[in-house]
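A.B. asks: In case it helps, TrEMBL gives these features for our protein:
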| type | residues | note |
| --- | --- | --- |
| COILED | 65-92 | coiled coil |
| DOMAIN | 161-259 | domain 'SLC41A/MgtE integral membrane' |
| TRANSMEM | 12-31 | transmembrane segment |
| TRANSMEM | 127-144 | transmembrane segment |
| TRANSMEM | 205-225 | transmembrane segment |
| TRANSMEM | 231-259 | transmembrane segment |
């Protein structure tokens, strides 16, 4: 908006005489495609004012020029004010809060560094977190092994194991992406860690209740799943979403606390 205003003020200064002449004396025409000089325009302005009774006979060409100069000076001052406002806006943007509350943002990295980085460096940066996630997924197999007898009696529960595991991963991925985006833009700092974690946990609970109601209802009335299994799924989804949202929103802040890059998660 500032650039637009600055542009139009400059245009106004350059063509002030021509526009004024065309508005007041529409009978003036451009001959042979040439633009009239400022003195010619002022003369026609004075003549038009005299003919219309707007200007007294004592008015001179000098007074009209003085009036136009004052208008131009006013426009120049407005342009200077717009430039000052634009400079202040750029300065404020450069001092926007960062992810840590000080220093560079989380992802303030040279874009060319990603292209120049060798593939094995990226692999070494990611393998640690992927190993942790792999171990956490292995716990699923351990838990299912402990409840093998229950699953053998309620085979319907096995149908929902991939759904529940995938939903937990999807919820965690969305939460991590949202928190990292907020940290990178500077809208969230580590000072708001507790508020962010609490908000994401409540968001996960709400999403789980909505999806649990939908999945449980569809499974029971349209999928032929027993009522008690449908109720288990209905209760599991909110609990799973809350845990996933809480853990996923905590990980970026934990990485920052230990000095690690949260973008590698």
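Going from the start of the chain as shown, residues are counted 1 onward.
Any Cβ shown, glycine's included, is placed from N, Cα and C.
Predicted automatically and left uncurated, TrEMBL annotations should be read as such.
Can you walk me through where each of these features ends up in the structure?
C.D. replies: For the coiled coil (65-92), the mean pLDDT of the prediction comes to 77.
Long-range contacts of the transmembrane segment (127-144) within the same chain, counting only residues at least 6 positions beyond its ends with a Cβ under 8 Å from a Cβ of the stretch, are 151, 161, 165, 264-265.
Same-chain residues lying 6+ beyond the ends of the transmembrane segment (205-225) with a Cβ under 8 Å from its Cβ atoms: 156, 159-160, 163, 167, 171, 231, 233-242, 245.
Within the chain, the transmembrane segment (231-259) has long-range Cβ neighbours (under 8 A, six or more residues past its boundaries) at 99-100, 106, 157, 160, 164, 167-169, 171-176, 179-180, 183, 190, 193, 196-197, 199-201, 203-205, 207-209, 211-213, 215-216, 219, 225, 265.
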